[in-house]
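J.: Here's the feature list from Swiss-Prot:
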- Asn99: N-linked glycosylation site (CARBOHYD)
- Asn103: N-linked glycosylation site (CARBOHYD)
- Asn130: N-linked glycosylation site (CARBOHYD)
- Asn146: N-linked glycosylation site (CARBOHYD)
- Asn161: N-linked glycosylation site (CARBOHYD)
- Asn193: N-linked glycosylation site (CARBOHYD)
- Asn221: N-linked glycosylation site (CARBOHYD)
- 1-36: topological domain 'Cytoplasmic' (TOPO_DOM)
- 58-290: topological domain 'Extracellular' (TOPO_DOM)
- 37-57: transmembrane segment (TRANSMEM)
Amino acid sequence: MAALQEKKSCSQRMEEFQRYCWNPDTGQMLGRTLSRWVWISLYYVAFYVVMTGIFALCIYTLMCTLDPYTPDYQDQLKSPGVTLRPDVYGEKGLDISYNVSDNRTWVDLVNILHNFLEGYSPTSQEDNINCTSEKYFFQDVFGAPNHTKFSCKFMADMLQNCSGLTDPNFGFAEGKPCFIIKMNRIVNFLPSNSTAPRADCTFLDQHKDDRPLQVEYYPPNGTFSLRYFPYYGKKAQPHYSNPLVAAKLLNVPRNTEVLIVCKILADYVTFDNPHDPYEGKVEFKLTIQQ
């Protein structure tokens, strides 16, 4: 019992560890001979090569089932969201306020519109084609260069008085500002049966004079031409430009905060989703001081 309970000295422990690392009597290193180390190394190399090959084959098979022209992630909303320019946000959504007599309060708003419309200049649109039809522009084949599909031009001058060309101040200087409305893209979305969708802007709250909002729309009637639909995705239409509608507000009361809503009226566009205030419409506060 005394022999069993005898503790090994530090030198004995070190000697045993050295013999475990290399045993000259048996030729073992770390408990295995050289041939066994070679065999176990070959086993693990072969195992991981096979596992890597199986994983690569699974990824390749998965990628073959994916359509490169269909976005990986798509929203579940059936109707497109609607955005507004200029887009200045307050604590609770879009909140735009400026003073007609102080250009420092609206020069940034004008610059936002100019910068946004740079994407609709002749240079930016030179890769797109001129379209004249007012019907849907269906494309069953990739007829454009580099295995893509054609996109119709949308030029800034189509917004006429709200293009920034005839009036660089977009009406802000006279208290009749222009706002640009854009629908977000949804792949293969058709907004209506045969009638082009259009924008409709109204006061959302009541005023003491109870006058309806007077609006000039560009293009006329505030329509989004059907020739810009359907959208086939970024890879299929790399040069696609969203159609726009500009709304020039003519009778906004001064020194009063008003709430305005711009809805998209179309057969398959809804704007009554309580969970998404920007589906099918955009609301914003506007204060014009004088």
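From the backbone N, Cα and C atoms, a Cβ is placed for every residue, glycine too.
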J.: Please identify, from the glycosylation sites Asn99, Asn103, Asn146, Asn161, Asn221, the residue with the sparsest Cβ neighbourhood, meaning fewest other Cβ atoms within 10 angstroms.
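T.: Ranked by other Cβ atoms within 10 Å, the glycosylation sites Asn99, Asn103, Asn146, Asn161, Asn221 bottom out at Asn146.
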J.: In whole Å, how far is Asn146 (N-linked glycosylation site) from Asn161 (N-linked glycosylation site) when you measure between their Cα atoms?
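T.: Distance (Cα to Cα, whole Å): 37 Å.
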J.: Looking at the glycosylation sites listed here (Asn130, Asn146, Asn193, Asn221), whose Cα lies nearest to that of Asn103 (N-linked glycosylation site)?
T.: Asn221
J.: Return the residues near Asn130 (N-linked glycosylation site) by Cβ distance under 8 Å, restricted to its own chain and a separation of at least 6 in sequence.
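T.: Listed in sequence order, they are Cys152, Lys153.
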J.: Going along the chain, which residues six or more apart from Asn193 (N-linked glycosylation site) have their CB under 8 A from its CB?
T.: Asp267
J.: To the nearest whole angstrom, what is the C-alpha distance linking Asn99 (N-linked glycosylation site) and Asn221 (N-linked glycosylation site)?
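T.: Pair distance, Cα basis, whole Å: 29 Å.
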